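According to TrEMBL, the features are:
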TRANSMEM  49-69  transmembrane segment
TRANSMEM  75-93  transmembrane segment
TRANSMEM  105-122  transmembrane segment
TRANSMEM  128-148  transmembrane segment
Amino acid sequence: MAARGTGDPNGTKLPPFRNMQDFCLDSARFQVPPFNDQERWANRVVNNLLYYQTNYFTILLAAVLLIGIMSASNFLYGFIGTLCLMMAIVMGTSKHHAMRELRRSKMWAFVLAEAFLAYSMYSLLRPMAIFAFPFAISVACIFVHASLRTRNLKNRVVNKMEQLGVKRSPMGILMGMTGYEVQLRAEDLLDELKK
């Protein structure tokens, strides 16, 4: 039984959770993707990401919670180490005038900070790997499912509504932020609805 979608006043709507029958059990159809037709394979993945996004976000959340509970201290240290690494990269590559002046005038301080950072990253390598593991394994499982799962009629209609902008979802917004715009031509919609 699928739950109703929830949303916010900005028009972003989280689609309903797709039941297990539709997601991976009886009514689900799986097929090896057409490796020689990259466009068709990419289309299948994108459409499944949009249609099953609530299920995929649930898988990611479950993996993060499971690893976070099983190894809480390493997960926390890994999060802190990853956050520090990202901050160091941003500060080190910043083109802001104040940061350039600071790097130029306090070069030895930056060299010592980089040496300390290298040692810290070495000592936090295992916790950082534990922190990254649930994200990596979830993304791999999601990609495999999205590649193998064939689309049904309901999947096609929901995806066309997303592409038309009738509904905005978190996955559609995330794809837009990463540079992939879900676009649609009117002919595609008519062809899809005729099928």
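Note that Cβ sites are derived from N, Cα and C of the backbone, with glycine treated the same way.
Residues of the same chain lying 6 or more positions beyond the ends of the transmembrane segment (49-69) and with a Cβ under 8 Å from any Cβ of it are 5, 14-18, 23, 75, 130, 133-135, 137-139, 141-142, 145-146, 149, 151, 155, 158-159, 162, 169-172, 175, 182.
Here the transmembrane segment (75-93) has Cβ contacts under 8 Å with residues 67-68, 99, 103, 110, 113-114, 117, 120-121, 124, 127-132 of the same chain, all six or more residues outside its ends.
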